[in-house]
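S.K.: Structure in structure tokens, see below.
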Amino acid sequence: MASLRPSSVKLSPFSAITNSFTGFHRNWLSLRAEKLGRVDNAWLRLSPSLKEKSVLRLDAWIISAGHAQELKSFKVQNMSISDGRVDFFDKMKQRFLSFKKHKYMGEVEHFKTLAEVQSPKFMVIACVDSRVCPSNILGFQPGEAFMVRNVANLVPPLENGPTETNAAVEFAVKTLQVQNIFVIGHSCCAGIQTLMTMQDDENPSFIEKWVGNAKVAKLRTKEDANHLSFDQQCKHCEKESINCSLLNLLTYPWIEERVRKGTLSLLGGYYDFLSCTFEIWTLDFKESNAVSHGSKLSVKDRVFWC
């Protein structure tokens, strides 16, 4: 059998990574190659640098020539680490196929219409919290609500400049002509807890800088509920921040104009997932003292679902 010279070995896609990928030791590779009788005197006379390069090539060749079992074993072991992720994606697949079969195919004409145009009546501004999904809680169907989610369901005032949230609001109001903007807060909000505990800092984190948009709500909470426990203060602030966001919406002229004319309503909602209750109210524009984000909010049509 002719000797296999390293220079004649074809590079495998694994050649640059297999030594770290499989955990093979360089000495093991050389011994294994010698044991197979595939290294001749010319190979032994090579300089160290050339040997190093050749070992990488031999590494790839050995795996492809009959030692893929080690690589297979590595993959099986690695798969066990990500079993949870694989199982979850399998569940997602089943949920999607169920949606397609029972929902999409049952309303195929509706979904074809949605593919051409959307005309939602609601814009929903909700928190990113994984426990608070407006579509799940309130049953919004595809095409019914234009939705944006951010930390603590905040709307910054116009003076704070552009953000993803007010860009979405602009699109919803000016382009989609929504009739309602619905700001939904919730219990045990980590964003509000951060707001209530953070101190003035020259280098605030992204989260602290963002929740700072609700600093007015924090100040009002300290004034109105300073005698309450911290948890109760947070709950008070969770609702107060919703009202501040409703007032902040009025700082945008194209929103204030529509609210004044009665073609757009601003609503607040509060979901308590500890008791599974929902509270909803509407901004009373005529009774509000002013339109600036620092003014007091008057509401109407407050209802409580339990």
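Just so you know, glycine gets a Cβ as well, placed from its N, Cα and C.
Feature table excerpt (TrEMBL):
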- CYS127, ASP129, HIS186, CYS189: Zn(2+) binding site (BINDING)
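Describe the structural context of each listed feature in the structure shown, including burial, neighbouring residues and relevant distances.
M.R.: Its Cβ taken as reference, CYS189 (Zn(2+) binding site) is surrounded by 23 other Cβ atoms within 10 Å in the chains shown.
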S.K.: Excluding near sequence neighbours, so keeping only residues 6 or more apart in the same chain, what lies with its CB under 8 A of CYS127 (Zn(2+) binding site)?
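M.R.: Correct list: ARG149, ASN150, VAL151, ALA152, ASN153, ILE184, GLY185, HIS186, CYS189, GLY191.
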S.K.: Tell me the Cβ neighbour count for ASP129 (Zn(2+) binding site), meaning other Cβ atoms within 10 Å of its Cβ, over all protein chains shown.
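M.R.: So the number of other Cβ atoms within 10 Å of ASP129 (Zn(2+) binding site) is 20.
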S.K.: May I have the list of same-chain residues other than CYS127, ASP129, HIS186, CYS189 whose Cβ is within 8 Å of the Cβ centroid of the recorded Zn(2+) site, in sequence order?
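M.R.: Residues close to the Zn(2+) site, other than CYS127, ASP129, HIS186, CYS189: ALA126, VAL128, ARG131, VAL132, ALA152, ASN153, GLY185, SER187, CYS188, ALA190, GLY191, ILE192, GLU238, TYR271.
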